[in-house]
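What TrEMBL records for B:7-66 is domain 'RNA polymerase III subunit RPC82-related helix-turn-helix'. According to TrEMBL, the feature domain 'RNA polymerase III Rpc82 C -terminal' maps to B:191-319. Marked as domain 'DNA-directed RNA polymerase III subunit RPC3 winged-helix' by TrEMBL: B:325-402.
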Amino acid sequence: MTSNEKGGSIPNGEEASGSGSNVEHRIIALARSSTKGISDKDIQTEIPDLRPDQRASIINKLLAQGYFDLFNQGGTLLYKLKDPSRVQKVKGADNEEKIVYSIIEEAGNKGIWIRDIRYKSNLMPTQLNKILKILENKKLIKAVKSVSASKKKVYMLYNLEPDRSVTGGAWYCDQDFEAEFVDVLNQQCYRYLQQLQENTKDCKGGPIAARNISYASSKDVWKYISELGISRVQLSVEDMETILDTLLYDGKVERSISTDGTHLYRAIESLLPPPGIVRIPCGVCPSQSCHGMKEKCHNLERDSNLRLRVLRSGTLPLSYRDHLAKGLELSFHTGDSVIEYCP
Amino acid sequence: MSTQFGKLCSLILLEHFGEIVQKVGNDLYKCQAKPLSLIVNSTKLPLQKVKQALRVMVKYGFVTFAPGPVPNRAVYTLLPEKVILILRYPRYLLLVKTQYGDEAEMLVEEILRQGQDTASRVIIRAVSRLKESLKEEKVCLVTLRDKFATLVNKQFLMRCPSPGEETGVPVLTIKETLLYLPPDLNLKALSNIEEGKSGDAGDEGIYWRVNLDRFHQDFRDQIMVSAISRRLDDNAGELLRHLLKQMYLRTEAWAATSNPIPFTELREAVRKQSSHPLLGQYVDQYLKIMEEDSSGFISKVGDSSGGQYSINMKTAFIQLTWTTIENIVMERFGSKAARIFRLVRAKKFVEQEQIQQVAMIPAKEAKLLTYRLLEENFIQMQELRKSLSNNVPNKTFFLFHIDLNQVARMVLEMCYKALFNAMTRREHERSENRRMIEKQQRIESITLNMREQGATPEQLAEIEEMLTPPEQALIDKVRTMINRLSEAELQLDETMFILQLYLIYQL
Amino acid sequence: MMKKKRLIITPVRVETDFKLRRRGPSRSGAAAAPTYPLLENRPAPLQTGVEGEYMLALKRDLVEFLRDSPAFVVPAAAKADIERYSDRYQAALANRGAGELHMDWARLPQELRPAAGKRRRTSPSAAASKRAKKTVDISNRLDELEKKEEQQSDGEAEGAEDEEEDKEAEGEGEDLEEEDLDEEMDEGTDYINNYFDNGESYLDEDDDNLDDGPVY
């Protein structure tokens, strides 16, 4: 099983920002020095030890934060520092407003928490609140509820689409995680894959053909779910993979990667039934302090959903064992495992 | 070894061999090896009783001895893991019954009951029991002798080492060539003995015991085959069975990985069977599927002779242990916790933040479940201080991970404890309701006798009424409970078996 | 992107096998967790089937066989204590210890052999001797009685339970002569008085009152 590339994108981004803030500044400085923009090659010459993937992630981030405009010049991509004239928008505003605006602008589409603005701007809370109100009214900035902590608002420029880490993507309504929605999708996806698995029973083309029938790509599942119409939100194929991954961790499906790199999923059966230890109350009981049963553990007493025929206690007549043994033979031959003992 | 293990061991000795043996066992459990005199001192038991107990435990293979510091005095060592195996005796017998028939079962049972014995005595006793149960006059001695030989050839039975020259502390040895050499029995004498006359079957002094590891080998294979049958289908299970057979032709049974098995030979073997026609048709495809399955039981190790395959025993039991523990987490904490557990397994090291994101569980719930798993030692936490750049203050990360070895040991402890609890409670119920049970048994035996003597239904009903309905209800309840607990003990052993085997493969 | 109702229909009732686990106020600290808590999850059902029942029968047979065999070592006599102690064993005690442990004594250290030298080898075939027993039953019986008398006159344990025990006791004389160690040990053990006093019940120490349970 391979790790989920997509799932890893968010933390990777964070990692890059942690280790790369210096690099970011160097890239911005480089861009500032060139009016016609800089190319990947320029960055590479300037910072040779930067790996392409790191570079890509930093560039993406700077693009998202609105530092760069992207141009295509003769097949080469150029990053050009945005005209600082946007700051002109705040024209007519006082210095404090400008400072607050630039702090918020810097935060990009991930937004910034009011306390951090205060910390960076050194403004008094009342004053800051007033400025934020003004900027909001001018539709220069907006407040967005973040999913990472309830009741926590972050500010960002008005025209930005909030980052997934703020909205939580498709799985959040306001900042509430829609657990029920996820559960339903989880079940529907499983049902679909199970159905495919069922279909293999009629497959006459050999085991490999049968197995291939049971596979579905994330796109297949996405299509199925879209057609079911249980979601009014437009879900992406990536969203579907997120759900399918929960099934993977439920141990209900197996994921493999096809030759063209798409993810394939199929329903699987666990290798073992629930083990013996959890068929006795002690296996699901957190008690550390019980020793034996002197004080009568009520859990052991309670009838589980088991109907065990009452065996003779005391001396077991040999004939009874024989009787059972006959049943044993019977069950081996017919698969029928129920016999009743009537003395 | 843990105290829980010791307590269980002690309880098993009590149930099967009485309190004297239990006390001597307890005493030996606490130390490596001990001479007779010190056992007597610390147990405060009479010398005769200690001797009796030691004899029993030596006979059943629970205690070994070696020459001690004092000449002609032995030191004794308890083998608690052998004691615990008593709980598995029914499973051994079921296996031998289903694979080798009733006579074989009887033979193995007779040896298990005695710990060790000579072939002739075992056969004679088996004959008389078979007569009794089959209600037949004649049970064929030759059949039993042959069954005995088969069990030896298949290595289910083995010779006990025998003493060398007479010393105070005998040294028991056996040549490897003799270990699985069937006994040479004088049938005529055996038949004389069987008829109550005297005779010498010619095997005096040659003692046999049950080779439990051989049974474990079959259990192991059964578990793997049924796991593959569950995951893929019966044909795949059957194929694995053939692979295992091929493995034994070229690999030591307990090797971590089998030597390569050539496809051509495997196909030949599969073609000879007729129970699974589809398998014969698609051997290559089934191999491919099994090889590609995440269970990882087999892998392709070469291309010559149409492909070389090997069975990964060790990997298989790592997988089965993971599955066992995942299933335990599922039943114990619910499906969301099981999702978190598998996620931590897959990611190796993971932060809380990522757990809730990937598992798609609301943050609060995810945190709660993660910490419960941590609290009950199903997952572990590692602290990591990280200072990457100079302008970020030191940050501490908490990474969750799973130490499978540690969790497996912990679950094994859980099993020991659960077994102890079940056995204790079972005996408690039995003793508390002893009078009632005895009364009921008496009534039952009277009823049985009277029925044999042709009593009328009215008479029978009259006797049965001696037990009032509330009494009957109570007794049914107690019996059901006792049976359920006994059944649970047997099923618990399945979990223990997988975990024990996993740990053995880790050594 | 805000305020959208995600769910149009709920085709199945979501299986919530998870209930948010509040474990009561006492859980938060290391304070006493209940010894027998209410279970949040029920155990999975036991597997049923003839195989299980058959093994259950085997399991019981084994225990019963051993309990009636000489391998089940019982304390000699001590009748006064039986009432208190052995609710659970009384029935078993009744016909316990019949016969002797079949064993090739040469496989044991000398110190464990019932009577050194005397009984090292059992008769050619123990099975044969078992059969033969019937015929010599009467003489055996007489021997037994004789030995019993002998022992009683020695003032040893009243009502020694079986033949073997007697023979051992007899043999013990020899042991003592040979080996001082044994003598010391025997003297140092006043077992009739001490035996039931030790606290090593197979349960925990606090389990004593188990035996004082309800009496019917």
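Each Cβ is built from the backbone N, Cα and C atoms, and glycine gets one as well.
TrEMBL annotations: computationally assigned, not manually curated.
Note: the domain 'RNA polymerase III Rpc82 C -terminal' (B:191-319) comprises 76 helix, 17 strand, 36 coil (DSSP; helix = H, G, I, strand = E, B). With DSSP states grouped into helix (H, G, I), strand (E, B) and coil, the domain 'RNA polymerase III subunit RPC82-related helix-turn-helix' (B:7-66) comes out at 44 helix, 6 strand, 10 coil.
In terms of DSSP secondary structure, the domain 'DNA-directed RNA polymerase III subunit RPC3 winged-helix' (B:325-402) contains 43 helix, 16 strand, 19 coil. Taken together, the residues in the domain 'DNA-directed RNA polymerase III subunit RPC3 winged-helix' (B:325-402) have a mean pLDDT of 89 on the 0 to 100 scale.
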